[in-house]
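Straight from Swiss-Prot, the features:
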type: ACT_SITE; residues: D133; note: active site, proton donor/acceptor
type: BINDING; residues: Y177, S212, R218, V274, A275, A276, S277, F278, R279; note: UDP-alpha-D-glucose binding site
type: DISULFID; residues: C49-C56; note: disulfide bond
type: DISULFID; residues: C54-C357; note: disulfide bond
type: DISULFID; residues: C102-C108; note: disulfide bond
type: DISULFID; residues: C263-C286; note: disulfide bond
type: CARBOHYD; residues: N53; note: N-linked glycosylation site
type: CARBOHYD; residues: N204; note: N-linked glycosylation site
type: CARBOHYD; residues: N373; note: N-linked glycosylation site
type: MOTIF; residues: 389-392; note: motif 'Prevents secretion from ER'
type: SIGNAL; residues: 1-23; note: signal peptide
Amino acid sequence: MERLSGCRLRPWMLLLLLFPVQGRQKDSGSKWKVFIDQINRALENYEPCSSQNCSCYHGVIEEDLTPFRGGISRKMMAEVVRRRLGTHYQIIKHRLFREDDCMFPSRCSGVEHFILEVIRRLPDMEMVINVRDYPQVPKWMEPTIPVFSFSKTSEYHDIMYPAWTFWEGGPAVWPLYPTGLGRWDLFREDLLRSAAQWPWEKKNSTAYFRGSRTSPERDPLILLSRKNPKLVDAEYTKNQAWKSMKDTLGKPAAKDVHLIDHCKYKYLFNFRGVAASFRFKHLFLCGSLVFHVGDEWVEFFYPQLKPWVHYIPVKTDLSDVQELLQFVKANDDLAQEIAKRGSQFIINHLQMDDITCYWENLLTEYSKFLSYNVTRRKDYYQIIPRRLKTEL
């Protein structure tokens, strides 16, 4: 005991003490050994991150800025602006200026809120921020140019930033969220209240999904639900592009369901949409087990969420989904432990302060690569802080 007391526990050991893996006691010949072994390996390799100074995400900033270590020249920036790959912003003497054009004004407003929150601590700089759904800088593009986008795949060099949706700007879901999901700090409180009303033991053990057909990758789950409704309750809802029942796989569109009502279910599915799905972070706060389909599209906080530690990874074609659902139903304690870790990560590391902190760190580091002094464009206007938004 004396020797043990003097040993330094590695982070993964501490994690196992906090969240013991019940499955470790199962027979090695268990039907579910493959999945249990994956969980054990994931926990052994997992390094919990600090809550200080949003340090969880420093690696993301470093990786995204690596292509620009040779410097960002005035000529390079002029080319980005000329191509109109996003909205051009300038920060000069702690004031924010912008060109008049913005494709989605509410999205720009959501971005501007966070920049204005930290602008007193930022040096002069300029940047192009893309508020479209899709990234703009494929890796084959030469030269690599700096464009900020909220989401990307490994095939892009875009610099990720926390999406406008943490404050405002959609996506609109009629009639539940006509102006978007609203402020993240307020919505998370609603979700946590709902989670408290639906503890694990009271949740429905049918897997659940409601969403529009923004990607055909969602089809197999809808079809499985029609075949086995006790296993999965999944239906398509309408979106702005809906024209006929063909857009909901031959069935009438289901009604939209408020995200707080998702908390009634143990197992919740997340799919990509056009890009990364905005629902992902919300699902964890239900205290439910998140099934994350595919790993291609990411936002800035995704890399620190680990498969088998915080969520159940599902193949893009959903070929493994039935077996995974059978596994979690047969190993309820394991499922609950993963759900707890996922929920705690979002609670601890994706607070509004973390979003603001990320913006500050990102822009501060980015500014170091500008190889010239920024000159204000005369036709740009100053963005003034607006009155605090509190509506959902």
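Just so you know, glycine gets a Cβ as well, placed from its N, Cα and C.
Here the structure is a predicted model, which means the values were calculated and not measured.
Here the features listed in Swiss-Prot are placed on the structure.
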{"residue": "C54", "record": "disulfide bond", "Cβ neighbours (10 Å)": "25"}
{"residue": "C102", "record": "disulfide bond", "Cβ neighbours (10 Å)": "18"}
{"residue": "C108", "record": "disulfide bond", "Cβ neighbours (10 Å)": "21"}
{"residue": "Y177", "record": "UDP-alpha-D-glucose binding site", "Cβ neighbours (10 Å)": "17"}
{"residue": "R218", "record": "UDP-alpha-D-glucose binding site", "Cβ neighbours (10 Å)": "22"}
{"residue": "C263", "record": "disulfide bond", "Cβ neighbours (10 Å)": "28"}
{"residue": "A275", "record": "UDP-alpha-D-glucose binding site", "Cβ neighbours (10 Å)": "22"}
{"residue": "R279", "record": "UDP-alpha-D-glucose binding site", "Cβ neighbours (10 Å)": "21"}
{"residue": "C286", "record": "disulfide bond", "Cβ neighbours (10 Å)": "27"}
{"residue": "N373", "record": "N-linked glycosylation site", "Cβ neighbours (10 Å)": "8"}
Cα-to-Cα gap, C263 (disulfide bond) vs C357 (disulfide bond), nearest whole Å: 29
Model confidence over the motif 'Prevents secretion from ER' (389-392) (mean pLDDT, whole number): 45
Residues near N204 (N-linked glycosylation site) in space but at least six apart in sequence (CB under 8 A): K264, Y265, K266
The one of C56, C357 whose CB sees the fewest other CB atoms within 10 Å, among these disulfide-bonded residues: C357
Cβ atoms near C49 (disulfide bond) (within 10 Å, other residues, all chains): 17
Recorded positions compared (N53, D133, S277) - highest count of Cβ atoms within 10 Å: S277
C56 (disulfide bond) - helix vs strand vs coil (DSSP): helix
Rounded distance in angstrom between the Cα atoms of C108 (disulfide bond) and N373 (N-linked glycosylation site): 25
By Cα-Cα distance, the member of recorded positions N53, C54, C56, C286, C357 nearest R279 (UDP-alpha-D-glucose binding site): C286
Residue from D133, S277, C286, C357, N373 whose C-alpha is spatially nearest that of N53 (N-linked glycosylation site), among the recorded positions: C357
Distance, Y177 (UDP-alpha-D-glucose binding site) to C56 (disulfide bond) (CA atoms, angstrom): 31
Distance, A275 (UDP-alpha-D-glucose binding site) to N373 (N-linked glycosylation site) (CA atoms, angstrom): 35
Candidates C102, Y177, R218, A275 (recorded positions) - the one closest to C54 (disulfide bond) by CA: A275
Cα-nearest neighbour of C102 (disulfide bond) within the listed recorded positions, D133, Y177, R218, A275: D133
